[in-house]
Amino acid sequence: RRTQQHTLTLVACSQEEKLWDAVKITAYVLGTGLLIFTALANSVSWYAQNIWDILGHFCQTTWLQLYDLFEGKERTIFLLGAALVPSLAFWCFNGILMVADVTGKPTFITRYRIQLGKNDPVDTKKLRQAIWVALCNQFFISLPMLLPMFYVMKWWGNTFSKELPTFRWFLVELSVFTLIEEILFYYTHRLVHLPLLYKHIHKKHHEWTAPIGVVSIYAHPLEHILSNTLPVMTGPMIMGSHIVSIAAWFSLALITTSISHCGYHLPFLPSPEFHDFHHLKFNQCYGVLGVLDYLHGTDTVFRQTKAYERHRVLLSLTPLSESIPEAPKRAE
């Protein structure tokens, strides 16, 4: 019995030692990992801040020159920053995509098509209509909406400051803008999918089951106000943002939504699979980031598809339609 008790004691001590060793190893690994992460984060932050400081000096000088050039005429400066700069970004980016849509070249772009066999080439009659509607929405809806926004921003008093915002503050603003856009776009988008509103308003946008970039603002005027423009404008108005931040955010928002609609899953750009699937199936993937879709369960079908497996940034030159192909259809 004593031998048995002695053996049990040794086993217990051995288990305690193993447990203690495991705790020490875990603490060492976590501590080392935390130190490495902190060091890397600080290094990345330091390099980013240095780059921003260099760019910031250039931007600050350019901003002051621009301000003096227009003699402090704030309305003109606001319309240039909030309308002209984002519009140029939108049409330059989509101009390149439309060349690929119409001619099928360069193959560097067209080989990354998501819905194979669609828009190959695009129907030029439908394309001309989409361009016309997009231009009308920009000139006759978005532009007039910027005038009341101008007075809201002027009331804040920071929009035309001669000192540009810091890099960190711009990142904070960008986070707030993105969150507000996700919330407003998701719920307004679901609203226009109600049968009555869909039939008379949102159906126009869904004429393109395989979308292209310019279709991002091809929409009924009411939808363009409710879902396209207000979700993007609201963040800067709440934050009282500088016109340079507004110009950057509007440009980024237009290019991002163009990527979501472009129909190509291009290397090193955000994945458009999520919204492309929405155009394909209509009742899935209503949001921008997908957070609210996950919370509301409006991405359950999407998560069971190959499109979900392809929904990531492509870090190679091999199209995901080749590396993660659709499953072959069963013979009837």
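Positions of Cβ are set from backbone N, Cα and C atoms, glycine also.
In TrEMBL this protein carries:
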| type | residues | note |
| --- | --- | --- |
| TRANSMEM | 25-48 | transmembrane segment |
| TRANSMEM | 77-100 | transmembrane segment |
| TRANSMEM | 130-147 | transmembrane segment |
| TRANSMEM | 167-187 | transmembrane segment |
| DOMAIN | 176-298 | domain 'Fatty acid hydroxylase' |
| TRANSMEM | 238-259 | transmembrane segment |
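Across all of the domain 'Fatty acid hydroxylase' (176-298), the predicted model scores a mean pLDDT of 95. Across the domain 'Fatty acid hydroxylase' (176-298), DSSP helix (H, G, I), strand (E, B) and coil residues number 86 helix, 1 strand, 36 coil. Counting same-chain residues at least six beyond the ends of the transmembrane segment (238-259), those with a Cβ under 8 angstroms from any Cβ of the stretch are 59, 63, 77-78, 81-82, 85-87, 89-90, 93-94, 97, 153, 156-161, 164-165, 170, 173-174, 176-177, 180-181, 213-214, 216-217, 228, 232, 266, 269-270, 272, 288.
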